[in-house]
């Protein structure tokens with residue numbers, strides 16, 4: 001079962017109160033249209049009787065129905081229901097007797113406890129009892145729906161934390177490789193790089209536990225990571241920001257795997273002059289991350305790498321955080337021949353459906369030995 005939001009269950013108590021008020025007014029309103037338009041006093045008598053009987057039906061709905069009918073104790077339930085209806089008739093007989101003793105002739109005529117009156121009141125009692133049962137099960141359905149939504153949110157929160165936990169050791173492993181490479185060179189830059197690693201780990205351990213983080217911090221995190229990678233590689237590495245990132249909140253660690261992936265493709269290739277260009281473009285409509293690097297690796301190898309831990313985890317996070325499908329395109333062009341593999345992902349998870357109603361797009365393109373990743377997140 002899938003729900004878009006929890007708005008229909010926010011006012012369950014108000015709905016229940018409305019149902020009980022409607023129950024109290026039902027008999028008076030129907031009788032007003034049929035019997036005593038000319039006598040307001042009788043209307044108030046009937047309304048008063050219904051108000052007096054309302055606690056009994058609330059008791060029936062809140063105690064008898066859940067403890068016996070809902071628990072499938074049918075013998076006890078039907079026995080108690082018969083006793084309940086009999087008790088209602090006895091109470092009505094007492095009320096009618098009082099009205100008969102002190103009321104006018106018109107009121108006595110209406111409240112005479114004759115056989116037809118007994119049939120009428122029995123029918124009303126049965127109708128009220130059925131409505132009380134319906135109110136219980138409607139309320140129960142709302143409660144179960146509310147619980148289901150809460151459980152779904154907890155499940156999505158757990159999944160998101162699990163995915164982030166997967167990213168942390170993967171990222172740490174890659175970063176430690178950078179520091180190891182630096183230490184092997186006995187570089188004087190090692191202490192400064194260790195401090196940058198400490199900043200990265202502080203962000204991973206403490207700040208990434210938040211549901212959202214400022215985009216400025218995510219950018220700073222990427223910058224620190226790039227500084228670490230620059231130590232390992234003497235290459236053309238650029239990171240450009242276009243637009244204003246202030247005041248924008250985003251889920252943590254959405255971008256880093258694609259940046260890591262770009263470094264891996266660029267520097268595992270056979271090119272001496274490797275490059276990687278990273279651009280983060282921010283507009284009022286969307287946020288676009290583009291990672292471009294050169295590579296000599298063929299399509300099949302690239303496809304396998306795209307399914308690696310970091311990219312796969314980021315894809316799963318995107319599925320969880322964004323409600324609609326996205327397309328992954330892998331394209332390689334060689335000698336005027338091309339082939340394309342499209343992997344479509346459906347059934348996006350619910351964690352932040354209300355926060356992110358629009359789609360996101362992830363394009364991965366390998367063309368003329370240039371590898372491009374473009375991730376577009378539409379802003380709400």
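Backbone N, Cα and C define each Cβ position, glycine as well.
Unlike curated entries, TrEMBL annotations are predicted automatically.
The domain 'Signal transduction histidine kinase internal region' annotation in TrEMBL covers 159-235.
According to TrEMBL, the transmembrane segment annotation covers 17-36 (among others).
For 42-65 (among others), the entry in TrEMBL reads transmembrane segment.
As annotated by TrEMBL, transmembrane segment applies to 77-98 (among others).
Residues annotated as transmembrane segment in TrEMBL: 118-138 (among others). Same-chain residues lying 6 or more positions outside the transmembrane segment (118-138) and placing a CB less than 8 Å from one of its CB atoms are 15-16, 19-20, 23, 26-27, 53, 57-58, 60-62, 65-66, 69-70, 81, 84-85, 88-89, 92.
Per-residue pLDDT, averaged over the domain 'Signal transduction histidine kinase internal region' (159-235), rounds to 74.
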